[in-house]
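> Right, I'll just put the structure down here and ask away after.
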Amino acid sequence: MPNESDLLATLSVNTEKEGESDGENGAKRSAAGSLGGASKRLRTINGAHETDSEVMQGSLAPPAPEQVMKTISVSDEQFLTLLRIFYQKLFPFADFYRWLGYGNIDNAYFAKREWSFTLASDVYIRFQSFASAEDLKHEILRMCPVKIDIGAVYNLQPKDKKTVLPGAFTARERELVFDIDMTDYDDVRTCCSAAEICLKCWDFMTVAIKILDRALRDDFGFQHLLWVYSGRRGVHCWVSDERARKLSVEARASIVQFLSVVVSDSTSKSNSGNRNNYHVAHDDGSDDDFVHAMAEDSADERDANRQTMEPTSDEDDDDEDEEDEYRTKKERLDNDDSDDEHRRRKKPRRPNQRELGEGPPAVFHASLRRAYQKVLHKHFTKTVLHEMDSLGTRERWTKVLAFVPDIELRSRMDAQWKNNLESSPEEVMSSIDRWKMLVKEMRRSRQCGNAMRDIIFRYLYPRLDANVSIGLNHLLKSPFCVHPKTGRVCVPIDPQKCAEFNPLTVPTLEGVVGALNVANRRPENDVRDEDEEDFERTALKPYMEHFRIFLKQIAESTKTRLRLEQEANAKQQQMRRQAEKENRRDLTF
Amino acid sequence: MLKQNRHLTASATNAHEVTRHNDPRLGPYPSSLNFYTVPPPYELTLMEFETYALDRLRVLKAVETAFLRAKKPDAVDRFIQTAHDEHMHLNRNVRINGVGAAKLYQERRKDHISHFILRLAYCRTPDLRRWLVKQETALFMYRFRQEEKAERTRFIQDLNLDMPVVSNAERASVATELRFTHGWSRERLENTTFYRVPFENVLRLVARQKVFVKHGWAYVPERDQPVLIANAFRSQLTAALEATAKAVPRMDEDDRLIPVLSSIAKQYLSNTYAPATEGHKDRVKHNEVDGLVGHFPPCMRNLHSALRRDAHLKHVARLQFGLFLKGIGMPLEEALIFWRTAFHRMTDDQFTKGYAYNVRYNYGLEGKRTNYTPYSCIKIITSNQPGPTDNHGCPFKEFSKNDLKLLMKSYGVEETAMTDIAKLTKDGHYQVACTRLYEATRGNAHRLANASLEKSKAEANAPLVQTVEHPNQWFDMSRISAAQSQPSRTKPKNLTPAAK
Ligand code: SF4
Ligand SMILES: [Zn+2]
């Protein structure tokens, strides 16, 4: 073994000596194209990157306000003036402190939270932290950021980041967050594109909220969910339960995968005989993948034996009465399992049976099935067929037909619908008519198995931005920010009433500040109730109330938790005392 | 070592004695499986200590390689089996009469002891701990799969893990959900035991939508019990290793062990290179290097081309390349000429003052006069992180995607292998990627040269070559197989197969 210290000694001697010779060779060595140069280029880029982040941190000291103003236009200036009033009078700093302090059990919890600000000059400042609501307010008023992001809770106050070695500063906890953005739906939207939204396509968001809200509560048992309009074309969700905040990165990734479906390719599926109709998105092949895969695979092998199990009667899963003229109950479940084929052939249908029978149903994860029954199925007609009119033109129906595995059926439908376009206006089929026809035909086709369900999932199931949810140190825009482009306030959405939420009429910066001015000018408003707050005079009122209910529920959970802990402690102590007493008694004998 | 560890185990000392299925001859080892909750109470010789540890290490390395290289689960098992049976053979209980209880006892004792030695050796850094946990868990699960069902069940019962069985009433209340999630008939559902655990314990099942979850609880069917066992093993060992790490500083009392332990831990970090054959003892002359570049692994080709381009190499690069050349058989005299001519922009005086010392140093003639050995891959990959103007290091780690692609092209790698290599590289498996490169470009020659080995390897389903651990190993394999697969050529060192 070479002796390390000795090697190191010569190393330093030699690097010194090489100072000059490196200089003279430096230029030649950076010649591109050759292998050595190649690796070097890469490192330079990395190097540049590091410098960038340094610059970013270097800019921690906020630029003087004059400097900011110089770079922006007059209307922006007006925006900033309103924004400052908004921060001064309306932004709920105290409530934020209540929220992110989580009962202050750990009294530095709030202070260890990362905040980051985007200034009007486009300067982006990370790793800010504040000890109190007043601190936060003071700094926000001083900088007047056009965007506020909330990051993770670190092991230290993020503003002290530079005082420790790089590895010693780490993200510990964060709410489990979700980000759903309308642009991810562009391939199924027919009304608007990119940043635009309208009430029609907002339906996709409503569906996403309904499904995710239920899954997070019922499946994972989370209780404290804050849904927030992102100010333009999407929604965020902040799952704030203690258990959610403490989730590892792996756990977050698993939840995201659980909540994502990528419908398998219908055409390839029909040949492969894959039993799983829905595949989770992005398999990251994590560490213990194989251990698990092997456990599962062997299980799946055994599973394959179930074909030998006795074939049994029909099943009907429906616990909900839904008006549905073009599907019998049977099709709600349309199975593609070979097993099922077998079963179908052997036993006659019993369409009126209300319960799941004895036999094996096709695999349909309970969570997906529930989303399908409670939300997707209903919304498909309304959102996709009616609002989006997704079978309305040849271009649109071609997209849908592409998911039909039966190629012959595909072209038959296409021809028929094309013909129909030429008939008289009152005879031209609607999207709904075409869907009914397609469903009927698919039911007849041997190859189509789950194709109908697949199409519905493909069009409507929530599409998540996985990275936002997984990374512990990812930032997400704070609720109650003002979107600088639309002027809309990022208000909370009540998931119970999400169907009524209209993103086009949410309070705007101009609206709320204006309303406040008007209200405050009215003489009868001079005397106000002791604890009447400014927001109550604006359209923010119902949203603030929803936010406070959310806060109250968190506070109650915290209280319950503390009480249970205390009780447990007390019980333990009592037991200990009891034991001591008995010991003493033993001694006295 | 054992004394100092006792506090880690507090109450469990007699756990094994109370099992119901004890054959007294097996002592504390009623099963071939072991969760290692109790440290071994034996006196060991230093010799035993070291060989046990190294044997286990060989198996763990095979486990690691198996998972990286084999694509199918049963191929993984066959791969592990080869190394396992050779270094850590463990007979199952059914063989008790066949081979005798004493043998079983001895094997299990060795398994037990070697596990605890590696715990001591690998507890020091989070990286080492992670590595050990990962491989030990995989090894445990391999053995678990090999064991018989009855033995497995008995073992699990004795473990007494915290995973409550779902009551019949509760199962009935979610029967529909369970049946749809798994696609089961009522009969099958009713005959299946479910365990209820926090969903965080079975993340992979959750991610794959293979388990029903309700209010944060996962309902795990008994067929997925291995997942629970693996997780239990993993978290148990992780906790134990952290405890050991805290306790280790107190071990100083027994200072004979420290050097042994750290040399064991280094086995993970550095494989010293032992020449594969005698034939390699050829002397390589200074002017033959360019002709041998075709047999150089990427790291060395990179240094060679940098040297030719710049007529210079910086210090660490000189060490890396110089020791490699020494390893392929270049004696000191030749090395001095090689470097002198390579640094041709320099005056004699500059060279003698600044660099000749270095060359002699490599050969142990200066400084501490140690006969330095060539750097292993791990050493190249993990030490002396190269800066922006450096050329040393492992290209798989240091190069950008595109540059790596160019480099692979220069080896004449085909598309499919290229994708493999890119993927392995991306996942940080640099040596495995390098091995793939070798197989893709030299596989045929290698196969021909090792024709006699072929049959036995094919049976074991082992890969063509073991993972590259050392640049000199790469060089030797490439050179020897090129020479032997083309017997008409007599002077192997003139072969330059893939140099383009
Ligand atoms: S893996 Fe080893 S031999 Fe291959 S390039 Fe990297 S350091 Fe060289
Ligand atoms: Zn729209």
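Cβ from N, Cα, C; glycine included.
When I checked TrEMBL for this same protein, it listed these features:
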REGION    B:1-25  region 'Disordered'
COMPBIAS  B:7-16  compositional bias 'Polar residues'
DOMAIN    B:294-475  domain 'DNA primase large subunit C-terminal'
BINDING   B:Cys299, B:Cys377, B:Cys394, B:Cys434  [4Fe-4S] cluster binding site
REGION    B:481-500  region 'Disordered'
> Given a 10 Å Cβ-Cβ cut-off, pick out the one of the binding-site residues B:Cys299, B:Cys394 that has the most other Cβ atoms nearby.
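The residue with the most neighbouring Cβ atoms within 10 Å is B:Cys299.
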> What does DSSP assign B:Cys394 ([4Fe-4S] cluster binding site), in three states?
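Going by the DSSP assignment, B:Cys394 ([4Fe-4S] cluster binding site) belongs to neither helix nor strand, so it counts as coil.
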> Around the recorded [4Fe-4S] cluster site, report the further residues of that chain (criterion: Cβ within 8 Å of the mean position of the Cβ atoms of B:Cys299, B:Cys377, B:Cys394, B:Cys434; site residues excluded), sequence-ordered.
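For the [4Fe-4S] cluster site the neighbour list reads B:Pro297, B:Pro298, B:Ile380, B:Ile381, B:Pro395, B:Phe396, B:Lys397, B:Tyr430, B:Gln431, B:Val468, B:Pro471.
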> How many neighbouring Cβ atoms, not counting its own, are there within 10 Å of the Cβ of B:Cys377 ([4Fe-4S] cluster binding site)?
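The answer is 25.
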> Same chain only, sequence gap of 6 or more: which residues have a CB within under 8 Å of the CB of B:Cys434 ([4Fe-4S] cluster binding site)?
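Within the chain, B:Cys434 ([4Fe-4S] cluster binding site) has Cβ neighbours under 8 Å at B:Pro297, B:Pro298, B:Cys377, B:Cys394, B:Phe396, B:Val468, B:Trp474.
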> Considering every residue in the domain 'DNA primase large subunit C-terminal' (B:294-475), what is the mean pLDDT value?
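A mean pLDDT of 83 is what the model gives the domain 'DNA primase large subunit C-terminal' (B:294-475).
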